[in-house]
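> Here it is, the structure in full.
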Amino acid sequence: MTIVSLPGSSGYLDASHRKVSYFSNPYVLGLTFIAGIGGLLFGYDTGVISGALLYIKDDFPEVNQSSFLQETIVSMALVGAMIGAAAGGWINDYFGRKRATLSADVVFILGSLVMAAAPDPYILIFGRLLVGLGVGVASVTAPVYIAEASPSEIRGGLVSTNVLMITGGQFLSYLVNLAFTEIPGTWRWMLGVAGVPAAIQFVLMLFLPESPRWLYMKKDKSEAAAVLAKIYDPYRLEEEIDQLATALEEERLRKQAVSYLDVFRKKEIRLAFFAGAGLQAFQQFTGINTVMYYSPTIVQMAGFKSNQLALVLSLIVALMNAMGTIVGIYLIDHFGRKKLALTSLSGVIVSLILLAVAFILESSTSGDVGAYGWIAVIGLALYIAFFAPGMGPVPWTVNSEIYPESYRGMCGGMSATVNWISNLIVAQSFLSLAEAVGTGVTFLILAGIAVMAFVFVVVCVPETKGLSFEEMERVWKEKAWGNGSRGEALLEARS
């Protein structure tokens, strides 16, 4: 029987001519979901605080009387996440992906306990900082760990599973907010229960291996080969080890320590980081966390004054976000990262314009909600339907695969930091901007940013579907020094 293989390629057909699929290796899938618990923590924390804050204000009069304290309680987790993401790249590269995950879990558990037991708002803020540090490290580690243990032809779907866990965590946070509303110590349960999945991940991670690529490049080649043998069949295993050996030899030839300045000094690394960080920034500046943080407020702005109705509609938004991500898991390895991002942004632009028009027209009416309010809610739903499958998973997937081995943790951490900084800017400015210029104009501004994002993806982001890490490194070198179309040639050869 003929073994079908492409030289230097990871787009491999095994001896029975079956393509590797998302569900074909239970070991890899289990590893993906366990690592993805970090994404669940990420999503839960971003979603739970909006409900918890209502009850925190009841317990602490000083919080109720101070908008600054309220903003600090919300934003301190984002500050911690920025620091955690920035440090997470170095932690990943120096200590490995597994230890980085374990350390993030420990910090997250400590933060959850501090928040649950906080006697005053200032201890609560410290707990939020600790939780943010854990989330920041996890946001860097999970995509890289999953990507490095994934066959290239299903890498996009597996890394996108981490994004599914993020959106699932956000949806879970809404359900938890509802579940604990009638229980004494409401907000303490809401914030403290977050430590449970972190503890579960810590225990499960003890039984998982280190990333095989990190092991091979930094520590133990035989241990790396044993891990790879659980991921690939014998024919594919030999090819993967050959590629790792080549990459290790290239690292040795460089004979110099990697520094943060090298990211900007070396043209190919600079181009890769610009593409990755740009995607992370545009993911936030096109408004997704505005929708997630303020969806109840947006629904009420549209004229639906009932808190219960606003919460139910917000739950639907969160559920659509999670379901859309499931669609993205399928599309990202079939449709490609770049095409998926462009299609997603096209729909986002139309949805934001629809939202803007609805709010501008609705502001000129008074009384009960009419057609314009419903148009706003439909625009919100369409926004999620277009954003979730594309611009939700694509930035995290692309950032997990476009950097050379020695820069992967560092650049991944830097780009995740850009995401968190952008997240904070949008979260802190949306309501103020809406009050200053109107909600409709604010959505028009976001639509304009989405147009800029579309142009950015067209110009700066290459297609990475099916490419091995080594092939991706060659794409950036050729973009930097000529023959920029080689990436497309690799894809054409693959198909």
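Even glycines carry a Cβ here, placed using N, Cα and C.
According to TrEMBL, the protein carries these features:
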- 27-56: transmembrane segment (TRANSMEM)
- 31-465: domain 'Major facilitator superfamily (MFS) profile' (DOMAIN)
- 68-90: transmembrane segment (TRANSMEM)
- 102-119: transmembrane segment (TRANSMEM)
- 125-146: transmembrane segment (TRANSMEM)
- 158-180: transmembrane segment (TRANSMEM)
- 186-208: transmembrane segment (TRANSMEM)
- 309-333: transmembrane segment (TRANSMEM)
- 340-361: transmembrane segment (TRANSMEM)
- 373-398: transmembrane segment (TRANSMEM)
- 437-461: transmembrane segment (TRANSMEM)
> For the transmembrane segment (125-146), find every same-chain residue at least 6 residues outside the stretch whose CB is under 8 Å from a CB in it, and list them.
31-32, 35-36, 38-39, 41-42, 45, 49, 72-73, 76-89, 91-92, 97-98, 100-101, 103-116, 118, 158-159, 161-162, 191, 194, 198, 211, 396-397, 399-400, 408-409, 412-413, 416-417, 419-420
> Could you tell me the mean pLDDT the prediction assigns to the domain 'Major facilitator superfamily (MFS) profile' (31-465)?
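For the domain 'Major facilitator superfamily (MFS) profile' (31-465), the model's average pLDDT rounds to 87.
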> Please check if the transmembrane segment (373-398) comes into contact with the transmembrane segment (186-208), where contact means 3 or more CB pairs closer than 8 Å and the residues in each pair are separated by 6 or more positions.
no
> Short question: most Cβ pairs under 8 Å with the transmembrane segment (340-361), which of 102-119, 158-180, 309-333?
309-333
